[in-house]
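Asks: Just dropping this structure here.
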Amino acid sequence: METEGYRCRSSRYIESGQSAVPSSVLFAAGLLGNVLALMLLGQHRRRSRSPGGRPPRVSAFYVLVTALAVTDLLGKCLISPMVLAAYAYNRSLSELGPGGRGEEQPGVLCQLFAFLMAFFGLAPTLLLLAMALECWLSLGHPYFYRRHLTRRLGAALGPALAGLCALFCALPLLGFGAPMQYCPGTWCFIRMAGGGPGQLGFPVLYASLMGLLVLAIVACNVSSMRHLYGMARRQPRRGAPPAAAPRMEELDHLVLLGLMTVLFTVCSLPLIIRAYMGAFAADFNENADLSALRFLSVNSIVDPWVFIIFRTSVFRSFLRRV
């Protein structure tokens, strides 16, 4: 049978031997990291305030970084409490929410969890791409960047990307794809193995889209590095040119973006691989699926801590010497 690989699909209780400690630690680390990152961004905004009380001169890059931190924090605050509630009541997600007593249709809470997992996996990728494009345009096309990329545009880009991402991730709720409960009963995601084209088309499309976005981010970063290297070669060896400070700020943005891109690639590859293996090899391995999900969740925890470490004076002085 096509459902025989998913033993927890209709489970009412959490599998025995599972602990809430890993989920609690991840939630606490993500919550603390994102709050600290937002505090640092607020401090940067206050320091950037112009004389005379004018609005602070904050670049579009920092607006997008703030949107990324808010997105990661919102994801942790919406998803982790469901997992902890399931452990507290020893009930699966489908059992906790209304509906979903049958095998074919999971509960409302499980469907919501699957949507949120897909959304908060894809939305940070789109924000990283917007940050990479901002960096690339500022280095490679400065005239276009100064004329068209404003702080207001950066603030409007976040909600627009969130809306597009929400529409795409809602497709399984409309029949293209199938939300499903996975072992040990504390998480739900889109079905990644077994079933027909209508059920497996979405996970393949989702994984392909994430892979293409990662490639686009890497391409933008490589191009930005080439532009920055060309600027460094044209810079006189003695004396600091007037553009030295902006170039150093762009270098800071590029290094931060590069670190986040590497981490995101490492964290998202397991889920991409599992989606393809489930669709084309019918690989029912829920332990591997759970590991891939945890890798994806770790990204929203590590990102703010990378930003916090990057903002320390010791790390930045070391970077400038290099």
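The backbone N, Cα and C atoms fix where each Cβ goes, and this holds for glycine too.
In case it helps, TrEMBL gives these features for our protein:
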type: DOMAIN; residues: 33-307; note: domain 'G-protein coupled receptors family 1 profile'
type: TRANSMEM; residues: 20-41; note: transmembrane segment
type: TRANSMEM; residues: 61-89; note: transmembrane segment
type: TRANSMEM; residues: 109-133; note: transmembrane segment
type: TRANSMEM; residues: 153-174; note: transmembrane segment
type: TRANSMEM; residues: 204-224; note: transmembrane segment
type: TRANSMEM; residues: 254-273; note: transmembrane segment
type: TRANSMEM; residues: 293-314; note: transmembrane segment
Asks: Near the transmembrane segment (109-133), which same-chain residues lie under 8 Å Cβ to Cβ, leaving out any that are not at least 6 residues past its ends?
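Replies: Answer is 61, 64-65, 67-68, 71-72, 74-75, 78-79, 82, 92-94, 96-98, 100, 154, 157-158, 161-162, 164-166, 168-170, 172-173, 179-181, 187-190, 206, 209-210, 213-214, 216-217, 220-221, 224, 253, 257, 260-261, 264, 268, 271, 293, 296, 299-300, 303.
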Asks: Can you tell me which recorded stretch out of 20-41, 61-89, 254-273 has the most Cβ pairs within less than 8 Å of the transmembrane segment (153-174)?
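Replies: That would be 61-89.
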